[in-house]
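The next block holds one structure in the form of structure tokens; read it before the comments.
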């Protein structure tokens, strides 16, 4: 493949067996988690007939994920990362078995579902942080953009396939099948992960875990480059919460039930296109400026989305947001890995991922509040243009990020 091609280079899967193992394990894991994501809300709704109870389970799991990301960041910088990944995956699978056994009971326990949701949310995020911290060692820092794009494609593809499989399983066999196959898939991921090389953390002095986590916070706040990247990531995630307005906007556009699906598919489709056409991103001389501009463009797309007179134009705006946000996210991921010291990778990746979780929750809450005071169209536009104003201010304030220059990575024969 020509080094100037816009298309994503897949050669990393051929030349790096360890990354290929992670790629396979991640895809199976995404599908397994998707089966779980369909089953839990359906089971709780069937048991309680309460959307509040369903929302509570999501909130509890999200809180456990946040704690797991914090703890996982400290563990990934302190212990052998392969062991942390395997321990987290195996322990998570045990929780899925618990959900399966609970579903088979004559009267399943709602409390057990909540507790196992906490268990799985914590251990799933624990492994995510360790895997992110280990990626530079697996592929080399010069290949991080390519690895990030392949990972994004894996997540998007798995996120499309798994709900469809989960829905079919619910219709034919019930929630126990979803939980059982999620557990089986999780344990299957251990097979490729066992082939990973040892991934020891860099040597560093022992300190109290809280002190270690605070050191990560201090580094994030003290570094205008890494801190700016994390801030942009949080704002971008807030913008993606616009999906909570889809049902109301669909009524405004008088969309049919089948047409509403296009709204939900638009952002993942745009993001997949962004990942597939990311071939030149790694060769950008000014990735910080490109990140800022693509983020601003994504905010503008959300601002225009609700103003479109026809739903098909709204779908185009969402797809544009997906593409631009994919570009920004890939640049964020690559710069975060390359500009963070090896000894801090676990904690900084944990904090970066955690702000994605909290940014989505904050964005959904703000849009819900705006929706109570404004029309859906006004809410969507206000969120997009409000974030655009903040983004313009950050473009002026984040001088180091805006001016950051890098030497494009050399392309080897295996990449061409």
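Cβ atoms here come from the backbone N, Cα and C positions, even for glycine.
Record features, source Swiss-Prot:
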| type | residues | note |
| --- | --- | --- |
| TOPO_DOM | 1-21 | topological domain 'Cytoplasmic' |
| TRANSMEM | 22-42 | transmembrane segment |
| TOPO_DOM | 43-55 | topological domain 'Periplasmic' |
| TRANSMEM | 56-76 | transmembrane segment |
| TOPO_DOM | 77-83 | topological domain 'Cytoplasmic' |
| TRANSMEM | 84-104 | transmembrane segment |
| TOPO_DOM | 105-109 | topological domain 'Periplasmic' |
| TRANSMEM | 110-130 | transmembrane segment |
| TOPO_DOM | 131-156 | topological domain 'Cytoplasmic' |
| TRANSMEM | 157-177 | transmembrane segment |
| TRANSMEM | 179-199 | transmembrane segment |
| TOPO_DOM | 200-218 | topological domain 'Cytoplasmic' |
| TRANSMEM | 219-239 | transmembrane segment |
| TOPO_DOM | 240-256 | topological domain 'Periplasmic' |
| TRANSMEM | 257-277 | transmembrane segment |
| TOPO_DOM | 278-287 | topological domain 'Cytoplasmic' |
| TRANSMEM | 288-307 | transmembrane segment |
| TOPO_DOM | 308-313 | topological domain 'Periplasmic' |
| TRANSMEM | 314-336 | transmembrane segment |
| TOPO_DOM | 337-356 | topological domain 'Cytoplasmic' |
| TRANSMEM | 357-377 | transmembrane segment |
| TRANSMEM | 379-399 | transmembrane segment |
| TOPO_DOM | 400-416 | topological domain 'Cytoplasmic' |
| note | Lying 6 or more residues past either end of the transmembrane segment (157-177) yet within Cβ distance under 8 Å of it, the residues of that chain are 26-27, 30-35, 37-39, 42-43, 100, 103-104, 265, 268, 272
| Among 110-130, 314-336, 379-399, which stretch has the highest count of C-beta pairs below 8 Å with the transmembrane segment (56-76)? | 110-130
| query | For the transmembrane segment (357-377), which recorded stretch in the set 110-130, 179-199, 219-239 gives the largest number of Cβ pairs separated by under 8 Å? | reply | 219-239
| request: Give me the stretch from 84-104, 179-199, 219-239, 257-277, 288-307 with the greatest number of Cβ pairs under 8 Å to the transmembrane segment (314-336). | output: 257-277
| By Cβ distance under 8 Å, which residues at least 6 away from the ends of the transmembrane segment (179-199) in the same chain are close to it? | 17-18, 20-22, 24-26, 28-29, 31-33, 35-36, 39, 80-82, 85-86, 89-90, 92-93, 96-97, 99-100, 103, 134, 137-138, 169
| field | Cβ pairs under 8 Å between the transmembrane segment (288-307) and the transmembrane segment (22-42), at least three | value | no
